[in-house]
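Trainee: If you look up TrEMBL, you'll see 152-264 marked as domain 'Pectinesterase catalytic'. Marked as signal peptide by TrEMBL: 1-22. Feature annotation from TrEMBL assigns transmembrane segment to 137-156.
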Amino acid sequence: MATIAVKAVIATILLTIPVIFSDDTAPIPADKSKVDNWFKTNVMPYAARKGTLDPALVAAQAKPKVIKVKQDGTGNFKTGKPFVTFYGATYAMPTLVFSGTAAQYGTIDSATLTVFSDYFTAINIAIVVRNPSKCCFLVSLVLVFLIYMWESMTMITAQARDHNTDDNGYSFVQCSVTGTDKNSVLGRAWRPFSRVVFAYSDLGDVVTPQGWSDNSEPQFDNKLFFGEYKNWGPGSNPSGRAKFSKQLSDAEAQPFISLAFIQGSKWLLPY
């Protein structure tokens with residue numbers, strides 16, 4: 001049984017100057033030991049920032065609701081809900097497990113967890129994808145992303161971006177990638193302009209030297225944005241990387257290591 005896990009220390013940081021304003025350009029610290037203090041110091045609570053948050057989020061935050069989910073598939077809601085947060089106890093982290101396959105349910109419905117809500121966060125949650133031959137773990141503090149397991153390779157991400165002007169992508173900052181599957185890539189192309197960045201992260205030996213896949217679509221190679229910035233670990237060696245990936249400069253990395261990428265000042269709150 002092979003496993004692959006990505007453990008995130010934090011995905012986003014908020015700097016507030018003063019408490020009712022925020023600076024989306026403030027970078028996440030390169031030193032992991034400073035991240036917790038940075039977050040506690042600079043991510044101000046709802047009461048201090050509700051004047052600058054998305055009004056829809058302010059309205060939702062004023063009347064929070066705990067939604068119960070049962071193993072038999074029933075619950076106390078039947079329609080989609082915005083502003084959802086999954087919050088697990090650090091001393092007893094809950095685990096979501098599903099063993100469906102794409103052949104059975106289709107690509108989207110075979111996922112252990114599928115979320116379409118804006119402003120979604122998952123905190124202290126283990127999300128496990130399991131089938132008879134392989135097992136995949138995602139352990140998260142603040143993180144949203146996908147892991148795809150094929151017969152011959154594990155894909156940490158498969159990001160869909162159709163146009164160069166589309167304002168989306170994945171950014172992983174201060175994360176660790178570990179596991180037992182030694183044939184994993186950080187991402188594969190799903191659409192022509194797929195965009196994924198790993199920064200300040202510990203990449204274990206589960207990551208192949210190539211690091212990335214164009215999904216056998218070479219016509220995408222000059223459009224993809226697969227970037228790495230100041231990573232470390234046995235899986236971070238740039239010498240064998242795919243030609244369509246890039247080691248980012250300080251200037252190129254800046255948009256992906258600050259809240260500007262996700263407009264966090266509009267919605268990110270301390271947990």
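Backbone N, Cα and C atoms are what each Cβ position is placed from, and that goes for glycine too.
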Trainee: I'd like to know the mean pLDDT over the domain 'Pectinesterase catalytic' (152-264).
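Mentor: Within the domain 'Pectinesterase catalytic' (152-264), the model's average pLDDT equals 92.
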Trainee: Using DSSP, what is the helix/strand/coil residue split across the domain 'Pectinesterase catalytic' (152-264)?
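Mentor: Reading the DSSP string over the domain 'Pectinesterase catalytic' (152-264) gives 17 helix, 38 strand, 58 coil.
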